[in-house]
Amino acid sequence: GVPCLCDSDGPSVRGNTLSGILWLAGCPSGWHNCKKHKPTIGWCCK
């Protein structure tokens, strides 16, 4: 997956660690969708 910004990472992608992973279909086991974006795209964070 592609790294994405979790809520716990901070308000901006600049200077922050991207601890989330962008998945196209849901989230892997042990992860949760941290943003309500599109139903087919999961902004997955631990």
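Here the Cβ of each residue, glycine as well, is placed from N, Cα and C on the backbone.
Cross-referencing Cys4, Cys6 with Swiss-Prot gives Cys6 as the cysteine bonded to Cys34, criterion being a recorded disulfide. Its own atom aside, the Cβ of Cys4 (disulfide bond) has 21 Cβ atoms within 10 angstroms in the protein chains shown. For the pair Cys44 (disulfide bond) and Cys27 (disulfide bond), the Cα-Cα distance reads 6 Å. For Cys44 (disulfide bond), the count of additional Cβ atoms within 10 Å of its Cβ stands at 22 [all protein chains shown].
Distance between Cα atoms for Cys6 (disulfide bond) and Cys27 (disulfide bond): 14 Å, as a whole number.
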